[in-house]
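A short write-up of the structure that comes next.
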Amino acid sequence: MARAPLFLAREGYRRRRLADMARLLPVLGAALFLVPALDARDGLGSGMLIYLFSAWFGLILASAFVSARLARAAPSEGADPSAEPAAEPPEEAS
Amino acid sequence: MIAFDMLVAICLFYVAILFGVAFLAERGGRRGSNAWLRSPLVYTLSLSVYCTAWTFYGAVGYAARSGLEFVTIYLGPTLVLIGWWWTLRKLVRIGKTQRITSIADLISSRYGKSNMLGVIVTLIAVVGTTPYIALQLQSVTLSFAVFAAAGAPGPWQLVDLNAAAFSVAIGLAVFTVFFGTRNLDANERHHGVVTAIAVEAVVKLIALLAVGIFVVWGIGGGAQATLDRIEASPLAGMPVAPGRWIGLTFLAGAAILTLPRMFQVLVVENEDERHLATAAWAFPGYVFLMSLFVVPIAAIGLAEMPPGANPDLFVLTLPLAQGRDGLATLAFLGGFSSATSMVIVAAIALSTMVSNHIVMPLFLHWTRSGATMSGDVRTLVLRARRLSIGGVLLLGYLYYRLTGGSEALAEIGLISFAGVAQVLPALLGGILWRGATRAGALAGLTVGFSLWAYTLFLPSFGEGAVMSAGLLADGPWGIGWLRPQGLFGLDGLDPLVHAVVFSMGANALAFTLVSLFDFPGPMERLQAAQFVNVFDHSPAGQGWSQGRAEAEDLLLMAQRILGADDAQRLFQRAAADQGKQGYLPDTTPEFLRGLERKLAGSVGAATAHAMVGQIVGRSSVSVEDLMKVADETAQMMEYSSQLEAKSEELARTARQLREVNEKLTELSVQKDAFLSQISHELRTPMTSIRAFSEILMEDDALPPERLADYSRIIHQESMRLTRLLDDLLDLSVLENGQVSLHPQPVSLSDLLDRSVAAAGGRSGRAPMAIRRDPAAERVDLVTDGDRLSQVFINLVSNAQKYCDAADPVLTISVTEVEGRVAVDFVDNGSGIPDRSQSIIFEKFSRLSDPRKAGGAGLGLAICREIMVRLGGSIVYLPGRGGAAFRVTLPSRCAEAA
């Protein structure tokens, strides 16, 4: 098997960054969801409620964006794109 | 107010619809039609079994008691789902490639198909899920009770809540048995059940949203007004406890991976890996909507409902109190859906685990003599599952009866979460870390589960139930730092956080440490590589090497598990793939592996492995074969290296032979030359002798001076002959070892003096200068002086004869080399060519023109023989500018210098 090339074509590169995004999203989510614990003294205010649900909703939107593009970019077999960076996606112009 | 019998009728009608949906979906799934059944939407909705009656009713109660904290139960799963690229994707891929049937199967399979681990995980799952099932039964009966209490007295007046709970349990068992154990191969999945659950998911979402919208806009007076009411409610004063906040988020995240029912819908029932990408945002969206109206309902419920009303039932009682019977009925159906879907999936998951990891191994153990021959395994597996479903529901019902159904819903759920979360280290470690071992998983699970039971589960029954009040307050035997809820004196922690920190911490620590110091077996290491590197080689599975398995036996067994048609189709296809006709393919490793996978879908990996193993005649894996293969390889390598060594030796021998041959050829040439020479040498004197003796005989009148002259010639010639013959004799005597030596003390310088004198001068040419170093020659020897001087004479006269320099010089030097005396004879001639250096010591060898040499070419051969006899040696020294010989004398000769 040939070694994976060090630099990828634009599409492969995009796909990898997309996977990075998918990996980082829960980290961002954890940070956002920790805020109520930092501001523990105040209790349940409407401000807190609005913040929490807005953050939650934002995360869902971000996840929808990233996941949809990832699913489209991934080869149909669902193989790991990061494992086969050399494989060019078949005529996929997004 | 809706009549109670009306409610029951609606309920039954709803259940009938569910049966119908499940039935149609099942039929559609078998036909392969109904593509939407396999859509990511259905998958996402089926994940909603996470939202049980606990969510539906309990979340509001939770919010009313502890404020915002309820939301952590959904934040954890949200994080896990949007982080699907990390773990879920891998989990699903592993589940697909390894035909995983349950979380116990995954753990067992990952750690070397260890059934022990399967049993432990199954037990944890049963213990952790039973309270949860009880919780669902309780919520359904409570909601019935709401209507019964509010409704007019009549024949349906609910006197016995327990009877209601029991009939619900029975109904659920029937549904689950009917749709959950219809087929065996998990690959075909439970289309009916999944679709019914998706429908229920929609019902509960709509119900909760409807109640929420009614509460906010119907009672609260709009969004802003409701927010104001929340600010004014007691909820506003409830602070977030950071420890619980973080701990619960973690616990909920762990639960979505480890809860048996979640694993069932997430991994086992997954149709397509890409569905995860949809669920990654859609499921967080679902739980987002489910929790959106929880706080408003709680706040307004607290304000509107009379004090003392159970906040767990606000979702139901608020619309009822407002006279919205339709809405209340919808809410009731929502709660009913939440409870039933959870119980159904949990029962399927648990029954799979119980039958695969407890019943089947026991059965195989008892009928070791021949699982293939006795009884129908397919029926047995199905029966085991059905009994397990009944057993699980019975357990739940018993737990409900025992605890009296009095606890707040939220606490039971959290205790359950903490219990099944103990599987998390073994699960994550198993798919991410190749170094995780069976012993490590075993240690972690045991330690974590025990600590969970000690610090959380047993105390949850209340003081005096399992643990005495004294034990809880003072610790066992009065040891304070062992108190179940204050280990090491950590009293300040919330009991739940305390239990999670200690059990998960000890669990992870034990798992990691034992794994680090353990050495896994070959099977474990194979499986570890397969799981952790699943993306590198998805189509895999450890193999069977070709065995003595009889295809017919395998077919018999497979028929009993998969059913006759499926099994025959499978075998026929395998045979066709191998290019054979009929139903019996060759039992190649690929075929066995595929069959094992297929069976694993029905009975679990460990059991399938054991069953195939029984027929193949090896209950242990083919690791031994692997070893054998490795051994053979090693042997072959050794053999080939031996061959290599041998061929090298042969090459060496051939080289030596070639050299010898060259030498022989040259010698033979020389011998021919010598023979002609020696015949000439012999003939010349003989001719002279004959000629002159004839003259002497025939001519009587010779003058006396002539006579004397002629007889002198005859004498000289015969002397020459004698010398030649002497040389030959001498050599043959030396070679045959018949010579007798006479060692005596001699002086080296004397010997050299004598030799130089005896060698005489050069006839008719410039005299050779001989350089010597008298000081170095002052060496006393004990040796045969006559023989040694014979060597010296030979060397000196050789130099005189052959040195072709204009001013010939012979240098005789004496040195000590490695404790031996070396005498070098070096002249300044042109020396001996390389080609000839190897043969000068051979007999009859003569390099220059024989005529010029005037000898028989035996001198150096004789010298060598003499030196060998004396224990020394004579060698030619190349590269000294001329012919150079070194005579080495043995040390014993060189006594007392």
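Cβ coordinates come from backbone N, Cα and C, glycine included.
All TrEMBL annotations are machine predictions without curation.
Fair warning: this is a prediction, and the values are worked out from it, not measured in the lab.
It is B:440-461, from the ranges B:440-461, B:858-879, that TrEMBL records as transmembrane segment. Checking the ranges B:629-670, B:671-712 against TrEMBL, the coiled coil annotation falls on B:629-670.
Pairs of Cβ atoms less than 8 Å apart link the transmembrane segment (B:116-135) most often to B:384-400, out of B:41-64, B:70-88, B:384-400.
Using the rule of three or more Cβ pairs under 8 Å, pairs at least 6 apart in sequence, the transmembrane segment (B:6-25) is in contact with the transmembrane segment (B:163-181).
Contact between the transmembrane segment (B:163-181) and the transmembrane segment (B:384-400) is supported by 3 or more Cβ pairs under 8 Å, counting only residues 6 or more apart in sequence. Panel annotation: around the transmembrane segment (B:70-88), residues 50, 55, 59, 62-63, 244-245, 248-257, 266, 276-277, 279-281, 283-284, 287-288, 290-291, 294, 410, 413, 428, 431-432 of the same chain, lying at least six beyond its termini, place a Cβ under 8 Å from a Cβ of the stretch. Counting Cβ pairs under 8 Å to the transmembrane segment (B:412-433), the top-ranked stretch among B:280-303, B:384-400, B:496-517 is B:496-517. Counting Cβ pairs closer than 8 Å to the transmembrane segment (B:496-517), the top stretch among B:41-64, B:245-268, B:384-400 is B:245-268.
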